[in-house]
Amino acid sequence: MSSWFNVGILCLLRFKNVQDNKIIFEAIFEVFLHFLKIPVYMTHLGFPITPTVCLIEMLGLLLLLLIPALFTLIWIYKYIEPHSLISIPGIFVFLGLYVPFVVTLLIPIDVTWDVSLSIWRFLYWLTFVLSWIILPFVQGYMESKFSTPRSRLSDSFYKNLRYYLLLTFLTCVVIAYLRFALRTMSFSNFKELVISLTYFWGLLFVIFLLGNGFVYVPVSMWKKAFITKRAALLERQAVGVYSKLQARLESYSLPSSSISLNNGRNQSSSDFFTSSLTDHAFNPHSSPNGMSNVIALQTTWNQMVKEYNRIMLIKTAKASGSYRLYLPDSYIPIHPVVAYAFYVWILPAFRILFSIFMASMSVIIVVSEVFLHTQYSLVGIILQKFTNSSATSIFVSFLFVYYMRYCTYKSLMRTQFAPHYYYALVPFRATNTASLIYFASQLCRLTLPLCYNFVSLQPYPTQFHQFYGESIDLLPLGNLISKRYPTFILLPIIFSMISLKYRLRQFIYSITLRKSSSASSSDDFDDSSLNSENDDDLFNETSAAYLAEGRALLLGTNNAHV
């Protein structure tokens, strides 16, 4: 009531001696700004507080809210059919993707200017409620096998109740340890403990995903610039994707004898897919994600075949020396000479330059992580060079934080954890609703720790650090984690550079082959036939036999389509 009373008194004082419309206009704007408490950022640039400046300010804030909403809708339309999102889950999915985008845009502004603490409090608790309560509940509802809404609500409630009880037990263990063992915890700062625990949980995955993305994103862009490497990558992935598609179809009791890795060369997988569905009844609710799992793999396979076909056309055009490239499946008709120049010269050169730029960004951020909270942080040194230009400082900060966000999310999409086998984001609107809800909840959990990690790389005080960082640093455990753990980013980088996962897989395959060889020799079989190069090469994803198998699958499907 007091705020409304103050606004009313301000109106009376303003309108008491009103003489013209200009004073009325200024009074309305001052009352509006007083009520909303909107910080006028243009005053930092030397502009006086006038109605015109306030109008420009509000239009800028409106654009700041509408641009992320537009990109969020485009992103959702890229991965899922809009009609598949029913009203209430669709709203929460939109919020789960929209709020991290807004936070990413506000961080560069907060580095240069000041964003209100009330905004950060609202955004933090909104992401907290979305990621830990609402989105898991909606996801459980969408994945429930029951048919009625009431039974699905009950099923989702009991599933999440077990999860929350486990989290509560772990939280109580941490509180007891801090309170009685270290004597650094009091119940007066329970809110700070919750913020620290959620921050550590998010940072634990952010550093791993960020380090993996710093290697994967530039390397993948570099490989795309060379058609030979891109073709080899598709050939190497073809057998795995085709095998997963076969396994999914077999798990849904579709005829498994109609498809195999050898006979599949003479039949299109899409033709098999269509004929299987027309000849046999299929219940979409027979599995947690229903038919969408098969559709996602089928879409991935079709896009691989389409891209491999384009690579073959580019190779043929380069070998012919005609400087003409004909693309019959192109959405936009392009002149053959223009298509040749774009796909052979312009696009590869752009990808090479862009991969070098992203590799440089990765090196700068990794060095800054190693020298965190020191004067040797390269991100802080670069931002200090642009202190005289606020717009340039915001732009450079946005480049760094968006690149970190892109590497983290890209690594999250490709990380082969157990849940991600069912929660996969597939473009061309082949993603199921449960996968989109799952990734929206993960983005909400990872965005704030990621943004705070970026804020720690630069020396300027921010309102985000005042709310989020001081709550973390209030506890010795949170302070230790925020200052020491980011240096472990070198571990996932080293693992990605040496392809540790591939080497471990090859080691396991070699042990399996050795055991099978010894078992066969004890049964008086011929050792040479079991240790032949063909058997060995079937497990080697870089061998000529493995690549030839993938090439045959891709070309066989392509010829079937033709």
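For all residues, glycine too, the Cβ spot is worked out from N, Cα and C.
Under the heading topological domain 'Lumenal', Swiss-Prot lists 1-22, 77-87, 143-164, 220-329, 373-380, 501-562. Under the heading transmembrane segment, Swiss-Prot lists 23-43, 56-76, 88-108, 122-142, 165-185, 199-219, 330-350, 352-372, 381-401, 480-500, citing sequence analysis as support. Taken from Swiss-Prot, the feature topological domain 'Cytoplasmic' applies to 44-55, 109-121, 186-198, 402-479, supported by sequence analysis.
Note: the stretches the transmembrane segment (199-219) and the transmembrane segment (480-500) are in contact (3+ CB pairs below 8 A, sequence gap of 6 or more).
With a cut-off of 8 Å on Cβ pairs spaced 6 or more residues apart, the transmembrane segment (480-500) and the transmembrane segment (352-372) reach 3 or more such pairs and are scored as touching. Model confidence over the topological domain 'Lumenal' (501-562) is summarised by a mean pLDDT of 57. Break the topological domain 'Cytoplasmic' (109-121) down by DSSP state and the numbers are 9 helix, 0 strand, 4 coil. Counting residues 6+ beyond its ends, the topological domain 'Lumenal' (77-87) has Cβ neighbours under 8 Å at 93, 425-433, 436 in the same chain.
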